[in-house]
Amino acid sequence: MADDKSYKTERGNAGERHQLATGDTQAMTTNFGVPISDNQNSLKAGARGPTLLEDFVLREKIFHFDHERIPERIVHARGSAAHGYFECTDPIPEISRASLFAEKGKKTPVFTRFSTVAGGAGSVDTPRDVRGFAVKFYTDEGNWDLVGNNIPVFFIQDAIKFPDLIHSVKMEADRAYPQAGSAHDTFWDFVSLMPETLHTLIWAMSDRGIPRSLRMMEGFGVHTFKLVNAQGEEQFCKFHWRPKLGTQSFIWDESAKAQGADNDFHRRDLWEAIERGDYPEWELALQIFDQDLADSLPYDVLDATKIIPEEVVPLRVVGRMVLDRNPDNFFAETEQSAFLPSNVVPGIDFTDDPLLQGRLFSYLDTQKSRLGTTNFHQIPVNAPKCPFANMQRDGMMQTMIFKGRANYEPNSLNDAGEDPGPRPVEAGFHTAEQRVEGKKLRIRPESFADHYSQPRLYWNSVTDNERAHIASAITFELSKVSLDHVRERVLSHLRVLHEDLGRRVADGLGIELPEAAEPAKAPIDLDVSDALSIQKNWPATLEGRQIAILFDEGSSKSEIESLKSAVESAGGTAMLVAPKVGGIPLDQGEMTADGQLAGSPSVLFDAVALVLTGDAAQKLAKNSAAIGFVSDAYAHLKAIGASEGAQALLDKAGVEKDDGVTDIAGLLEAAKLRYWDREPKLRDLA
Ligand code: HDE
């Protein structure tokens, strides 16, 4: 066989060549700017011969590819982010001199990343987990990173326990499963040995652990921080993000099925909302209080396992965050973004919360192993948008070219007419003054000892249905635990938290309720806080909701079109679903669908409409995807609006009439809610 013959495809075996001049910005080049003439074939000795080491085009391309991945975050590896702005709506210069709070209407750019905690970067979006809620404010006095979660408390009180907590929840060390889930021995072993985890645990086991959308989650700074004004006066502060769309959640079966239907459910939802101009929005609200108030509370404000109920210290809304731009490049921006709780600006300061103090070290440190260089602050997403200058020099991947000799401070090079470089300024960051004295001790303060009162407060504050979800979630997770003594120890704590919870989980598992644990400090009953419940505060709105309209041959075109436009004018989105996506003949003309029935199950939507003729419904009553579409919508407590013809499908799916099951006209109202009362008819809850 001749070794210099090549075959010709339509475009030629060298792929498409463009008539571009060398140096044109569209010309493909190597990383060093050498124009590339052929991006299809490596350089060989003869057409079928060995590839030559000399091929710098091939070697550079493969070399770069081989090193494309960087270590994923040890926690919060899976995340999605967007750009936007913070707008101050109620300035608070008397409380904080932070520039973003200075004037009404002032806008500060932000980059916000949401994440799950336990799963790897390629894991799914909807497991039961805490969600990260990290906001980088590019203020004009430097970057402030508010690195929070969607749950206002944390599992542990002291940073020294963090590696243990995370080791226990991540996939088990020998078998490398489960991925992205807490329903396994090691996690429950750890939490049962550390009752301080109980408060966050009950939040995570509630519907807070399965948010419907990243756009429908609250966010919390978790720790108590300090705000400092220009006179140096300080107050304590807890930060809250409140979603404009209200806090909404899945129910467990739905979130588990959403995972199968769409791994990227939350990521896609965020991306698409921003692309269609439906910008997610949150209010920033502050709980501001002083030392006297802190001293009056029956818990310690430095303990990150405690909230201060809104009823005790009300929220003051100071601004809003709008996310209005998707990243241009996931890796460059979302993956390389580095959030550091140690990034504070003048006007914001830390407290002695021992969890926060540990975080101040960890986040800077982790960037070196993740991004590989101390110069990670020069990556565009991490760089401040205000000028920055100091005497730090060199290091791997240095991109800044410093001029002159001034790389130390103080210097007197200006006396010789040279540029002396940056100097510290009086208006710079001053740490809030605080008297510190005491013995060096490796202990927990006694004021951190009560681990049961606040989880009991949570249990007492939510609705009956939410309580049933909590008890069922714990029952489910413990059913996956294989070690009897671990289950028993969990139950012994749940009994102290609330006898009812312990009993319901024991019943759900079918095991005896063990002796109650002996708390270090006896719990007290705190006043119920309605703000803690999702269901008590569920917004009756179509805004942000996705409605599926299932149709088939012969469906009424006008009914579909008028429903779609009514949903959209109420701020929702409507997606057309049919057995086939191509043109489907209707009563008049034809229509294409946005999604095929088998690939668009109802878990992807908040409510469903069935615009079907009697014949179509008869046919679909024999189609498992159609039956599942309806029976899942019903089981997930969603509104179902059905045309008269759809009855055969409703019957087959076992749908019984209730407030959430209406005709098409009634759906617009019904779709604003979920039907919690339906649930006890459908499944056994603990
Ligand atoms: Fe984190 N955490 N964390 N964490 N955390 C990280 O930093 C850590 C804690 C949170 O979207 C890591 O850059 C310690 C509380 C979010 O990039 C790491 C302790 C809260 C994100 C780290 C905590 C959080 C992280 C991994 C106990 C809520 C994702 C990658 C002392 C207030 C940020 C990274 C993003 C990420 C350490 C506890 C929230 C390893 C040691 C409490 C939202 O540095």
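Glycine residues also receive a Cβ, built from the backbone N, Cα and C atoms like all the rest.
TrEMBL entries are annotated by machine, without manual review.
Per TrEMBL, these features apply:
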{"type": "DOMAIN", "residues": "29-417", "note": "domain 'Catalase core'"}
{"type": "BINDING", "residues": "Arg73, Arg113, Phe162, Arg359, Tyr363, Arg370", "note": "heme binding site"}
{"type": "ACT_SITE", "residues": "His76", "note": "active site"}
{"type": "ACT_SITE", "residues": "Asn149", "note": "active site"}
- Would you mind giving the whole-number mean pLDDT across the domain 'Catalase core' (29-417)? 97
- Residues that sit under 8 angstroms from Arg370 (heme binding site) by C-beta distance, when 6+ apart in the chain: Ile70, Pro71, Glu72, Arg73, Ala338
- Query: Measuring Cα to Cα, how many angstrom lie between Arg113 (heme binding site) and His76 (active site)?
  - Reply: 10
- Return the maximum Cα to Cα distance in Å (whole number) over the record's heme-binding residues: Arg73, Arg113, Phe162, Arg359, Tyr363, Arg370. 21
- Relative to the Cα of Asn149 (active site), which of the recorded positions His76, Phe162, Arg359, Tyr363 has the closest Cα? His76
- Task: Give the sequence-ordered list of residues that share a chain with Phe162 (heme binding site), lie 6 or more positions from it, and have CB atoms under 8 Å from its CB.
- Result: Ile156, Leu355, Gly358, Ser362
- Note on the structure: CA pair Arg359 (heme binding site) / His76 (active site), Å rounded to integer, equals 14
- Message: Please report the three-state DSSP label of Asn149 (active site).
- Response: strand
- Using DSSP, would you call Arg113 (heme binding site) helix, strand or coil? strand
- Mind giving me a neighbour count for His76 (active site)? Other Cβ atoms within 10 Å of its Cβ, every protein chain shown. 23
- Note on the structure: Listed in sequence order, the residues of the same chain lying six or more positions from Tyr363 (heme binding site) whose CB sits under 8 Å from its CB are Val147, Ala338, Phe339, Leu340, Pro341, Ser342
